[in-house]
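**Student:** Structure provided below as structure tokens; questions to follow.
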Amino acid sequence: MTHLQLDEPVPGEADDGVWLTCIECGATFAPFEAVRYTCDDCDGLLEVRYADLPTFEDFDSEAPADGVWRYSAALPFEEGVSLPEGGTPLHEVPRLEDDIGVARLRVKHEGMNPTGSFKDRGMTVGVRVAEEVGVSRLACASTGNTSAALSAYGARAGLETLVLLPAGKVAAGKVAQASLHGARILEVDGNFDRCLDIVQDLADRGEAYLLNSLNPFRLEGQKTIGLEILERFEVDEGTYPDRIVLPVGNAGNTAALYKCFRELVQSGALDEDAVPKLTGVQAEQSAPMVEAIENGWDHVERWDHVETRATAIRIGNPVNAPKALPGIRETGGTAVAVSDEQITAAQRDLAEEGVGVEPASAASIAGLRKLREQGVVDADEQVVCLTTGHLLKDPDAAAEAGSEPEPVPDDTDAVLDRL
Ligand SMILES: *Cc1c(COP(=O)(O)O)cnc(C)c1O
Ligand SMILES: [Zn+2]
């Protein structure tokens, strides 16, 4: 697992032991002097690097906060614009565990964050960096949850927020959040990938600070999902999970979890052999990452036409693929595509355990079930599935997947007759 090593001298640009490194050419940059999302030299993705990497003990010392900022030793700041976020439950789902047939199944429900998705973990750090570099307008392209999170954190920080959404393709709850938190919402007559092209253009012209997961600081906050899973699972089970299964859209979370593991290996806190296998799940008609993994490519081919009812992962050009593909490969994981029917069935399965998620989130369970049936996942594995967003994000999908309300007369006997 050579990619799990991060040996690198502290470059001259390091600011308080933090700097940015291009993952393609290795160029290094000061972190907060200028607004920069990709490498000046080769346009490659940037990664935040630290002179000192923490071990688990560093998170226990009189942490000022729960959740994301408990892990400030692994982050570029001590605290941020917080609502607060993180500290989400790791649910037991015994019937589903039995039914799918793995030794242990836990569900990390990221829908329990303040705006109902894991995007809050990235925004608490990203908006803190926006304050540091001194920008006035925040912007993102979004399939919905990024815009909900950015609107809330932007409002909290008192900054202007602009969101670009693919017209007619965003779930109702998410638009409502962006709207009430006061974002300027522009609906683009195009898909998510086109929205992101446009926001990147705006950012390049200095018109807005980009807070999509192309922004390397977002991923720093999202690393804390991995830290919480490892810590909690170890307390409960005395070991680390063999595998983490997650839905993949722009592959930011996949990249963030991989970075989390690499940093722990580097600091000596985690054995290389104990790194969970990162396993990505996409919808069949939006699956460029699965295609790249199956073909052994080191890049993804952009899909121009994507479709799925899991609108949060309706993405044809996953921008973090260059970070996420090595993550899946180096940890011994894989990627799998599931149908919309399988996603809806998994959404119902989770709901029967009391866990309410939006469709994209259920893809993790659907993917695990498929891989178990195929024998790719073994019966003795201990698995954590990530559910990324809350049921109420997409009330229409939930109502369609659930049972119909039945009209009755306003009379007790008539109601009893029905039962
Ligand atoms: C953003 C999002 C995803 C995709 O996450 P990536 O990090 O872009 O792969 C999946 N599910 C939900 C609910 C999301 O909001
Ligand atoms: Zn470069």
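Positions of Cβ are set from backbone N, Cα and C atoms, glycine also.
No curator has checked TrEMBL annotations; they are predicted automatically.
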**Student:** TrEMBL records Asn145, Gly249, Asn250, Ala251, Gly252, Asn253 as pyridoxal 5'-phosphate-binding residues. Which of Thr387, Thr388 is assigned to the same site?
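**Tutor:** For the pyridoxal 5'-phosphate site that includes Asn145, Gly249, Asn250, Ala251, Gly252, Asn253, TrEMBL also lists Thr388.
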**Student:** Match it up for me: which of 70-94, 220-244, 295-319, 395-419 does TrEMBL list as region 'Disordered'?
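**Tutor:** That would be 395-419, the stretch labelled region 'Disordered' in TrEMBL.
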**Student:** In sequence order, which residues at least six apart in the same chain have a CB under 8 Å from the CB of Gly252 (pyridoxal 5'-phosphate binding site)?
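**Tutor:** Those within reach of Gly252 (pyridoxal 5'-phosphate binding site), by Cβ under 8 Å and sequence separation of 6 or more, are Gly122, Ser213, Arg218, Leu219, Gln222, Val319, Asn320, Ala324.
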**Student:** Would you measure the largest Cα separation among Asn145, Gly249, Asn250, Ala251, Gly252, Asn253, Thr388 for the pyridoxal 5'-phosphate site and round it to whole Å?
**Tutor:** 14
**Student:** Can you tell me how the residues of the region 'Disordered' (395-419) break down into helix, strand and coil by DSSP?
**Tutor:** 14 helix, 0 strand, 11 coil
**Student:** Quick one: of Asn250, Thr388, which of the binding-site residues has the smallest count of other CB atoms within 10 A?
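**Tutor:** The binding-site residues Asn250, Thr388 were compared, and Asn250 has the fewest Cβ atoms within 10 Å.
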**Student:** Please list, in sequence order, every residue of the chain apart from Asn145, Gly249, Asn250, Ala251, Gly252, Asn253, Thr388 whose Cβ lies within 8 Å of the Cβ centroid of the pyridoxal 5'-phosphate site.
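**Tutor:** So the additional residues around the site are Phe118, Ser213, Pro247, Val248, Thr254, Ala312, Ile313, Asn320.
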**Student:** Can you tell me how many other Cβ atoms are located within 10 Å of the Cβ belonging to Asn145 (pyridoxal 5'-phosphate binding site)?
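**Tutor:** Its Cβ has 32 other Cβ atoms within 10 Å.
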